[in-house]
Amino acid sequence: EVDLDERLVELDLRNDSDIPDIPPATDSTPEILKRALSGLSARWKNWWIRGILTLAMISGFFLIIYLGSFMLMLLVLSIQVKCYHEIITIGYRVYHSYDLPWFRSLSWYFLLCVNYFFYGETVADYFATFVQRREQLQFLIRYHRFISFALYLTGFCIFVLSLVKKHYRLQFYMFAWTHVTLLITVTQSHLVIQNLFEGMIWFLVPISSVICNDITAYIFGFFFGRTPLIKLSPKKTWEGFIGGFFSTVLFGFIFSYFLAQYQYFVCPVEYNSETNRFVTECEPSELFQMKKYFVPPLLQAVLGWETVNMYPFQMHSIALSTFASLIGPFGGFFASGFKRAFKIKDFADTIPGHGGIMDRFDCQYLMATFVHVYITSFIRGPNPSKLLKQLLILQPEQQLSVYKALKSHLIGKGVL
């Protein structure tokens with residue numbers, strides 16, 4: 001057992017020595033900020049840079065929300081591509097000295113293939129009426145999965161043909177690197193857009209909760225942090241973690257109350273083929289209709305209230321905020337472990353004081369998966385309007401067959 005342990009340590013050290021050093025990230029802070037903050041210590045200088053850029057990003061985010069659902073989808077796609085680029089670039093820099101053939105080209109080719117598959121599924125699912133009116137699109141939708149598989153298979157064959165003697169193992173490392181990166185970025189961003197179609201509130205509350213937790217945990221940790229939380233992130237503290245949790249739950253509850261009052265945020269995002277626009281108009285579901293709740297006896301003595309009026313969605317917001325503040329940070333810890341493995345501080349230097357785009361969205365991808373699972377498990381029921389859209393694209397004889405079967409079923413149940 002001792003010999004085995006020594007052998008494993010030897011292999012681990014040898015693998016670490018095989019990884020070339022990555023050039024340190026450059027400082028992308030604008031000169032005007034550098035001059036304005038030149039008299040401050042490094043700690044406070046970083047605080048102000050992060051604060052100013054955070055406010056700028058939040059302002060830009062609210063502007064995109066105002067511009068509508070389509071712009072939000074473009075934003076998600078842009079972030080996905082940038083995150084993918086940052087992770088793939090790390091792999092390229094680490095193994096660049098081996099001069100692997102086709103690695104970068106195949107990486108981007110696989111990104112296009114996977115996006116073609118996922119977004120093609122979305123078009124077929126949500127834009128069925130639009131597709132039905134255009135013959136050239138009907139072929140692409142009908143054979144979408146076969147075309148997607150053929151495209152992927154082409155890249156797979158090119159990879160096999162590109163294998164070079166003495167570098168087989170390394171090339172398979174990078175093949176796996178590409179696919180794991182696709183799993184993290186493309187799949188999760190697709191789920192973000194799926195959540196958006198359920199209603200903008202399912203997009204905004206989770207994303208804002210993660211942002212709120214990131215900001216408040218940083219603030220509590222900066223001013224009160226004393227107890228280290230996890231070795232992967234030495235700057236994370238228990239004080240920041242706990243302060244971020246309570247702040248995030250409170251923020252999510254209040255923010256949900258504000259959003260639930262407006263159709264623009266609560267109605268499912270649908271595409272109107274008549275106007276060629278995304279619309280958010282509907283009769284709000286029970287989740288977004290004010291209800292009276294009885295306060296538990298223990299809290300009645302503290303609050304002095306017997307009942308409270310609130311939206312049912314606010315109860316769900318507590319679950320979303322709790323995940324964002326307790327489990328969401330593990331996405332950041334995972335990213336910290338990844339960066340430590342490759343001896344880098346940030347994924348990139350895109351945003352001064354913050355690092356790369358992936359440094360800001362490492363927790364968002366984990367959150368997107370949870371929200372999608374939460375909706376499908378506890379919220380989403382049968383959708384008559386979506387089913388009707390699918391029926392309308394059938395041939396007349398198929399529609400008549402469905403009508404007769406449904407009529408016979410309802411007569412048998414005594415409804416008709």
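In case you wondered, yes, glycine gets a Cβ from its N, Cα and C as well.
Model, not experiment: these values are computed from the prediction.
What TrEMBL lists as transmembrane segment is 47-79 (among others).
Distant neighbours of the transmembrane segment (100-119): 77, 81, 84, 88, 91-92, 144-145, 147-148, 151-152, 155, 158-159, 162, 164, 167, 170-171, 174, 178-179, 181-182, 186-187, 190; these residues of the same chain sit at least 6 beyond its ends, with a Cβ under 8 Å from one of its Cβ atoms. For 100-119 (among others), the entry in TrEMBL reads transmembrane segment.
Feature annotation from TrEMBL assigns transmembrane segment to 139-161 (among others). Sequence-distant contacts of the transmembrane segment (139-161) (same chain, six or more residues past either end, CB-CB distance under 8 Å): 102, 106, 109-110, 112-114, 116-117, 120-121, 123-124, 131, 171, 175.
Taken from TrEMBL, the feature transmembrane segment covers 173-193 (among others).
What TrEMBL records for 199-225 (among others) is transmembrane segment.
Under 8 Å from some Cβ of the transmembrane segment (237-260) lie the Cβ atoms of residues 200-201, 204-205, 208-209, 212-214, 216-222, 224-229, 266, 287-288, 310-311, 313-314, 316-318, 320-322, 324-326, 329, all in the same chain and six or more residues away from its ends. Feature annotation from TrEMBL assigns transmembrane segment to 237-260 (among others).
Within its own chain, the transmembrane segment (313-335) has Cβ neighbours under 8 Å at 201, 205-206, 209-210, 212-214, 217, 230, 232-233, 236, 241, 244-245, 248-249, 251-253, 255-257, 260, 266, 287-288, 347, 358-359, 362-367, 370-371, 374, 378-379, counting only residues six or more beyond its boundaries. Residues or ranges marked as transmembrane segment in TrEMBL: 313-335 (among others).
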